[in-house]
Each structure stands twice: as structure tokens, then as C-alpha cells.
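Undergrad: Sharing the feature lines straight out of TrEMBL:
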{"type": "SIGNAL", "residues": "1-19", "note": "signal peptide"}
{"type": "TRANSMEM", "residues": "43-60", "note": "transmembrane segment"}
{"type": "TRANSMEM", "residues": "102-119", "note": "transmembrane segment"}
{"type": "TRANSMEM", "residues": "131-150", "note": "transmembrane segment"}
{"type": "TRANSMEM", "residues": "171-193", "note": "transmembrane segment"}
{"type": "TRANSMEM", "residues": "213-237", "note": "transmembrane segment"}
{"type": "DOMAIN", "residues": "290-329", "note": "domain 'RING-type'"}
{"type": "REGION", "residues": "336-366", "note": "region 'Disordered'"}
{"type": "REGION", "residues": "391-435", "note": "region 'Disordered'"}
{"type": "COMPBIAS", "residues": "391-433", "note": "compositional bias 'Low complexity'"}
{"type": "REGION", "residues": "513-538", "note": "region 'Disordered'"}
């Protein structure tokens, strides 16, 4: 209905234009001149010509193709927009030759291109359709013969015109029809191969090989044509922008075809030399239906490294296009021995690796990125604490290492690694199985560096790192235990720092007690007022730094420090 309405409207407009011309000039020749000189009249005539071509194309499509499938129509519309854009770019190069004949030639070229695209899609449909009627063969053969004859005729016409008149727009048409002629030859070869395969009782194993080499040869011919055309256009006219997109896709398709040939030969060579034949026991134990051809596998079957079994002929055809397993998509170009030994290798090598470490801690997966997982580093500031405590610190302020909570023991190779943090908490220990701290000592009232944290953005980790984090093997368990021990050592370090602070306060208290005993009036000590007349020459500094409010804050501070220490010790336990 839509086509009919548009056709009727264009016919009415054309009739009005022609009637007006005859009404104005009364004769045929003056009427034709009047129409050609009038821009509105020529616009109506052009519209009528395009509609006639469109109707003729629909008629030819109905004759040679019948009803178009959805994919064929989508491909036709997608390619048509690109072809129209390239035609508009070609108009800019040949703007001096722009005339009705030039427009008609480009319209005819687009018309024939559309039928080449439809013929290619329809022949490709033969491989996916189980039933092909005689009408299909008649339509395809007649269309291919007609397109081939037209392409050959226009190539010959462009050659003769260029030889006789010199370089002109016929260079573009000759090149375009030469490319379309290679497309027709490729379609004819595909049609012949598909027809032979359909008429054979058994599947033709070599069809994929012939198709692959046909695409390679035709792609090479197209690349040569495009390169020659661009070189000629640059030499005679200018840079042909309209030829860049098809030339790029042609070169890319040729590269892909060449890569497919190389990879398919490698895959077939691996199949013939590396992969074993499936035994009857393996076929009986597994599902003996080949998922490629859906037939039972009795003989001539190959077993891939992923233990999937297929027909040898089916695999050969499959490897012409894809070099992966049809079931699990395993890349079969890799060495099959490596694929078989990839997973058992870490488990088999785990005990020797643990023995080679010689008691060294397992690597921490949450290592601090600023400090790194370097060698053990001593805490020098904590080495002299036992000696200081033995000199003058009461035992209730500096607990012995025996009072620390025991570490959980571990058998096997992990027990050697557990000895490191246990020994580090004892007096006189100088090494820790912990990422090295900053090169400076901890200043008073400054917290230690933060513990190592896991990465915040887990999406940045690769698959191997994620498997290492969530692994349940021996080395992963050792790494988790080592992380917990590192945290416990951090808490021990905090407790030892509090012990140092407590010992400093106690020593200050012991130094202040002798000076207060020499005062003449002890009652004034509660008020916090020190009399300079009663002070001696031996303690002038003590009189200056003594507190001015009260002498009781020192024991109070000691009690607060003891409370903090008891809380931290309880947290550690």
C-alpha cells in the first residue's frame, strides 16, 4: 500500500510537470528544453526516475529472491547507508563531471551492489539450510550469471572508454565493477562447494579447507585492486576518501583469512601429532555423541587435552574457523602437557617448597605496599627493656615473657615457621617475622605504623591473585595464620611501649621521693607550695621542675598506666 501510494503520487506530479511544459510551449522539443531548464521540473523528474528504479528493484528482488529474511534485509540496509555515503564523497572528487549521466551511472552501481550483497547472503544460507529446492538453485544460478555478465560488460566498457578518452570517472566505475566481479566469482565457488557437499552422502571434510583458501585468494585480489586504484587516483586526481573504508575492511578481512590459515594448520598439526585417539573404553565411559555432527563416535575420534572427545573429521572442519574446544573453549594451540599439569603442579610442589623455606614465614598476601615483604628487621628500642626492668623497675610493672599468652602450635613444616613469632616475644629477641618498620624509632606518644590492610579495590586484582587470596591449600592457610601472628605481634609491641612509658613514670617517681624527704615542712607538700629557703644546694633542678599544685599526680598517673596495660594485656590474651 505504501509503495502504491508513493508511486501514484510521483506519477501525478510527473504528469503535472509534463502537461505544464506542453501547455507552455505547445511542441515536443521546446517542451523538453523547458523541462531541462526548469529546476523544479527536473527535481520532479529525478524523483520519478528514482521511484522507477526502486519499483524495478523490488520486482527483480521478488523474482530472484522471493521473500527476504530478516538478516538479509538488515545487512542490505546497513551496507546501503555506507554505499550512499561513499557515493556522496565520490561526487566531491568528480564535481566537474557531475551531470545526469553521472548520477545515473552511480545509481546503477548501487542497484547492482545491492543484488551482489543479497546473492552472497543467500548462498551462505545454503550451509545452514538442510533442504534446498530446485527453485533456489534456478534463482541463484540465473542471478549469478546475470550479475557476472553485467560486471564483465561494465569493466570492458570502462577500459575502452579510458583508453579512448583518457582518464575520467570511468576509472571509478571500472574499479568498482572489477571488485564486484571478484565477489561474483567468490559466490560461484561457494555455491559449487555447498552443492557438492549437499549432494554427497557423507559430509565433505575438505570443504572448509577450500572455503578458507578461496577467501584468502579473493581477499588478496581485492587488496591488489584497492591499492592499485588508490595509487592511480592519487597520481591523476586526488586522495580518494570514499575508497578508504572499503579498502580498510578488505585488508582486515585478508589479514584475518591469512591468520585463520596459519592457525588452522597449526591446530590440525597438533591434533594429528599430539592428541591421542580415543579408546573404546573411553568412548564407552563417556557420552559417545559428537556435539559437532550429533552422531555417535565409534572410530576415528580424538581426545583433546580437556578430555573431550570428537570425530577427527569434525575437529578438522572445526579448526578451520576456531582453534578452541567446541565444548569448553579451551585453546588447543597451547602445549597439551602444560594443560594437563597446570593444576596438580602446585599441590605436588608444596611440600618441597615448605622444606626449602627452612622455617621462614609464608608470604603475606596482605603485605603493606609501603614497607614491602622484606627480610626480618629488629626492633632495637625494645631490646634493652629487660635490662632496665632488672635495674630498677618493679616486677609488677614489667611482666615477664612467661606471662604472655602462649602461641598456638602447629605440626609439620608450619611448626618451624611458628617458632619465629614465639621467640620474638621473649626477652632478648631481636627479629620479627613482620614487614620491616620505618627506619626511625617510635617517638613518644606517636602510634606505630598501621597494620597491613587488604587492597580496597578487589576488581583490580587478576584471577591468579584472587585465587591466591581465597585458596584453601597449605600455603594459603599458613599465610592466614602468619597474618594473625603479625597482628598479635603488633599488639605485643603496643604492650611493650606501654611498659616503657610505665617504667619512665616509676623512675621519675623514685627520683622525686628523696628530694621531698629533705623538705623542712612536710605538710606543705599537700598544698603543692615549695619553700626555697628550705631547699638544699644539691637539688636546685628538682625544685624548679616539681609540680606546683600537688605531689599526688604521680601515683595517679601510674595507676592509669597500669589500667591501660592491664586492658591491653587482656586484649592480647
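Even glycines carry a Cβ here, placed using N, Cα and C.
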Undergrad: Rank 43-60, 102-119, 131-150, 213-237 by Cβ pairs under 8 Å to the transmembrane segment (171-193) and hand me the top one.
TA: 213-237
Undergrad: Across the domain 'RING-type' (290-329), what are the DSSP residue counts per state (helix, strand, coil)?
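TA: Tallying H, G and I as helix, E and B as strand, the rest coil: 8 helix, 8 strand, 24 coil.
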Undergrad: Can you give the mean pLDDT for the domain 'RING-type' (290-329), rounded to a whole number?
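TA: It averages 82.
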